[in-house]
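Participant: Got a structure for you, written out below as C-alpha cells; questions coming shortly.
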Amino acid sequence: MAKKGFFSWFRKDKSQDEVVEQTPVSTPSQTEQAEALAKQQAEEARLAAEKAAAEQALADKLAAEKAEAERIAVEQAAKAQAEAEALRIAEEQAARLAEQQAAEAARLAAEQAQAEQLAAEQAEAERVAAEQAAKAQAEAEAQRVAEEQAARLAEQQAAEAARLAAEQAQAEQLAAEQAEAERVAAEQAAKAQAEAEAEAEAQRVAEEQAALLAEQQAAEAARLAAEQAQAEQLAAEQAEAERVAAEAQAERAAEQVQAEQPLEQQPEPQAKPVKESFFARLKRGLMRTSENIGSGFIGLFRGKKIDDDLFEELEEQLLIADVGVETTSRLIQSLTEHASRKQLKDAEALYDLLRDEMQKTLDPVAIPLVPENANGPYVILMVGVNGVGKTTTIGKLAKQYQRQGKSVMLAAGDTFRAAAVEQLQVWGQRNNIPVVAQHTGADSASVLFDALQAAKARKIDVLIADTAGRLQNKSHLMEELKKVVRVMKKLDPEAPHEVMLTLDASTGQNAISQAQLFQEAVGVTGMTISKLDGTAKGGVVFAIADKFKIPLRYIGVGEQIDDLRTFNSKEFIDALFTQEKADS
C-alpha cells in the first residue's frame, strides 16, 4: 500500500466524520448501528494508530533528516577545515617553492653574471696578451736588426782599428829600434815598457771600438782603467811632490853656497833659454791627438775625390780618435749635405769645411771661468773619479789665480786618500797658499765647512775645494758629494759658485758616462780635461762639448803650471790642424 502523506490522513478523517454525520439520515438497525459504531471506532483506532505511526515516522524522518543534516554539516565543516588546511599547506608549499625558485633564479643569474664577467676578463686578458706578444715580437725584431747593424759596425771598426793599431805599432817599433842604438842600457827597459804600453794601447783601442754598444764590458773596462789611472796618478803625484821637495832643497843649498862665496868668485849668470810660446806648447801637447784629427787628415784628403769611400774613411778616422758616434754622424751628415749641393770643388775644400764645422762644435763651450764674487769667497768645488788629476789641477789653478793678484785658499776635502792632504799641503807651501785640512778619514763636509768659514773670515777671493775621487757607479759616494754641496749652502746659498768636473782625456768615451752621472748628481757647471798631451784620444773633447754643452774651462797639455790652459776653441783647432809638427 502506497504511503500516504501527512495531510492525507486529515482528509480521510474528515470523510469519515462526514459519513458519521450523514449516517443518522438513514435508519439502520441498532445492530447495524453498533456494528457500524464498532467499525467506526475500530476504524478510528486504526486511523489513530496510523496517524501516530505516521507522526512517529515523520518525527523519526525529521530526526533522521536533522541528524543527516548535522552529519553533513559536520562533514562539510570538516571538509572545509580540511580544505582550508590543505589550502594553507598548498600556499606554504607554493611560497616555499616560490622562494626556492627565486633563490635558484638568483643563483643562476649570479652564476651567469660571473660566467659573463670571467668570459669578459678572459677575453680582455687574451687581447692584452695578444697585444703584448705582438709588441714583444716587434721589439725583438727591432733589437735584432739593431744588434746586427751594431755588430757589423763593430766588426768594421774593430778591423780598421786593428789595422791602424798594427801600423802604428810597427812604426813605433821601427822608431824604437832606431833609437835603441843611441840609448844607454838604462833606457832599454824604458823602451820595452813603451812598446808594451803601445801594444796595450792598441789592444784597448780595438776593444773599446768593438764594445761601443756593450755597456757591461765598457763599465768593467772603465773600472779597471780608473784603478790603473789612479795608481799611475798616485805614483806621479808622489814623484812630483818628491821632485818639488828636492828642487826646493837644492835651491836653498845653492843659494847658501852662493851667499858664502866671495862676490868675485860667484859664477856669472847664464843666459836664460828662449821660452817656448803658448801656441807652440799647445801644439806640442796636442801632437798625438793631431795625428788622428786635424793634421792627420791631410793625407786622407790630399789628391782624393769626394765620394762615399772618402766619407767612410773620414768617419773611421773620427771614431778612432774618440770623437764619438753621434758627433761623427752629425759632422759627416753636414759635410755630405754640402757636397751634395756642389758647394765643394775638391777634397781640400772639404778639409777646410771640416775644420770650420769642428770649431763650431767647440765655440759654444769655450767660456772662460771668471772667479769673481762681491759677497765673499768664490768657491770652486772640484769633482771627478780617481786618478784624473784633480789635485794637480787645483795646484796649477791656485798658482794662476795668485799670479792674477787674487788671494787663494785650498780645502783638503779628499780625506779618504792618505797622500791627498800632504800633496795639497805641498802645493800650498810652494806657493805660500793657506790650506785647511784635517786628519785622514775625517768628514769631508766638515772640512769644507770649516774652510768656507775661514775663507770668509780672512776675506779670501777664491776657495778651491778638493774632494775624494769616486767612481761614478758608486751611488753612496755620489750621495756624499750631494751632502758636501748642502753643507756649503748653509754658509753661502750661492756656494759652490762653480762645480768643476775634471776628466782624463785618455779614458776616451768613458769620460762621457762620468760627465753624465756627475751632472745628474751635483749639476756640473764647468769642465777641465786633463792629460791631452799623453793620449791620441783628444777627440773626446768634441764628443763632450757636443753632448753636454757644459763650459769647457781648462785643458791640460803638459806638466808645467802654464800647461793648464784656459780653453780657446780657435787656438785648439789651429793647434790640431796645423800642418807643421811642433818642435820636440
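Every residue, even glycine, has its Cβ placed from backbone N, Cα and C.
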Participant: Can you say which of 140-172, 173-205, 206-238, 437-469 is given as region 'Disordered' in TrEMBL?
Facilitator: 173-205
Participant: According to TrEMBL, which listed range is region 'Disordered': 242-275, 276-309?
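Facilitator: In TrEMBL, residues 242-275 carry the label region 'Disordered'.
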Participant: I'd like to know which of these binding-site residues, G384, G387, is least surrounded, judged by other CB atoms within 10 A.
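Facilitator: Each of the binding-site residues G384, G387 was scored by Cβ atoms within 10 Å; lowest is G387.
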Participant: Summarise the domain 'SRP54-type proteins GTP-binding' (551-564) by DSSP state, stating how many residues are helix, strand and coil.
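Facilitator: Result for the domain 'SRP54-type proteins GTP-binding' (551-564), in helix, strand, coil order: 3 helix, 6 strand, 5 coil.
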Participant: Tell me, how many other CB atoms lie within 10 A of the CB of T467 (GTP binding site), whichever protein chain they belong to?
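Facilitator: The answer is 26.
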Participant: Give the sequence-ordered list of residues that share a chain with K390 (GTP binding site), lie 6 or more positions from it, and have CB atoms under 8 Å from its CB.
Facilitator: M382, V383, G384, D414, D466, T467, G469, T502
